Amino acid sequence: MQKLQIFVYIYLFMLLVAGPVDLNENSEQKENVEKKGLCNACLWRQNNKSSRLEAIKIQILSKLRLETAPNISKDAIRQLLPKAPPLRELIDQYDVQRDDSSDGSLEDDDYHVTTETVITMPTESDLLAEVQEKPKCCFFKFSSKIQHNKVVKAQLWIYLRPVKTPTTVFVQILRLIKPMKDGTRYTGIRSLKLDMNPGTGIWQSIDVKTVLQNWLKQPESNLGIEIKALDENGHDLAVTFPEPGEEGLNPFLEVKVTDTPKRSRRDFGLDCDEHSTESRCCRYPLTVDFEAFGWDWIIAPKRYKANYCSGECEFLFLQKYPHTHLVHQANPKGSAGPCCTPTKMSPINMLYFNGKEQIIYGKIPGMVVDRCGCS
């Protein structure tokens, strides 16, 4: 009897000791599972973020039709950037992106960049050198962006050096042509008279839309132009070949082309932040920093909000194509699960140098994730 009592006491003691330990182990195991799930979600989001950044690099080069990033140094950019009103306005009033989260439309989107403004700098031409020992300027090569779009505006910008006394300046733009019988090599394009006062130099724009359209129709007629801006004493004030201290004052062409609007349809999605515990498909913030890439050839924006999609796509949460849920129910083994992907993308405006050192201002489609969904 005494042995039985001792055994019972030992058994009860073991229950008292072992019981709480067992409960604590279950609690710790459950907590570890929850932490592991959260860590896996964070890791998954980090992987999606990294993949999105790499995809953006590839997309930008592809949509700009560049095989590699242009190799232009910061010093070269400072020399090439025109110090002209239209370019300063583009930079100063630059709309980094259009990200209206309240608008739930899904935009149809072309793949390649839709150019709005192209700034073309003059290049060297053997034809001009043949006409005179020191060509006065200028020969312009036109990219396919100009050739394959409707030109709505074209302006030649020239910089006139400052004057010490009030004077009248006679500006003349001449087009180089094939030699005529009398030896004539030029024909007039535009001429104008300006009154200048002492002070700083000025930028002057001249409409050359008609000439540009003719050049595009007949490329062989584009032999170059000459710029003259003579004051009352016969001094040429036009900066055609910048001297030291005149960097960024080269003549250039500003060409605007059309942009065709697209139709749209409706869609919806979830928005989250990096601290969110949402497990479903959601849009997360992501800032792309071009300076961190070493992409100095992008003038603006230096950074923009691209966003990315991440999260689970259970069929209960399916948003974009409800019929997929029915397909899965009919054949669960033969249908793949939905993925968390962008359902609404919007463009960004970009000012950049292309591979030919031309300055392009254009709209790049599909660079900002506005909505995410399961599809």
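Glycine residues also receive a Cβ, built from the backbone N, Cα and C atoms like all the rest.
Residues annotated as disulfide bond in Swiss-Prot, with similarity to another entry given as evidence: Cys272-Cys282, Cys281-Cys340, Cys309-Cys372, Cys313-Cys374. According to Swiss-Prot, the feature N-linked glycosylation site maps to Asn48, Asn71. Taken from Swiss-Prot, the feature signal peptide applies to 1-23, supported by sequence analysis.
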Recorded positions near Asn48 (N-linked glycosylation site), in sequence order, restricted to Asn71, Cys272, Cys309, Cys313, Cys372 and a 10 Å Cα cut-off:
Cys309
CB within-chain contacts under 8 A for Cys282 (disulfide bond), separation at least 6:
Gly269, Leu270, Asp271, Cys272, Ser276, Cys309, Ser310, Gly311, Cys340, Cys372
Have a look at the disulfide-bonded residues (Cys272, Cys309, Cys340, Cys374) and report the one with the fewest Cβ neighbours inside 10 Å.
Cys272
Determine, to the nearest whole angstrom, how far the Cα atom of Cys374 (disulfide bond) is from the Cα atom of Cys281 (disulfide bond).
7
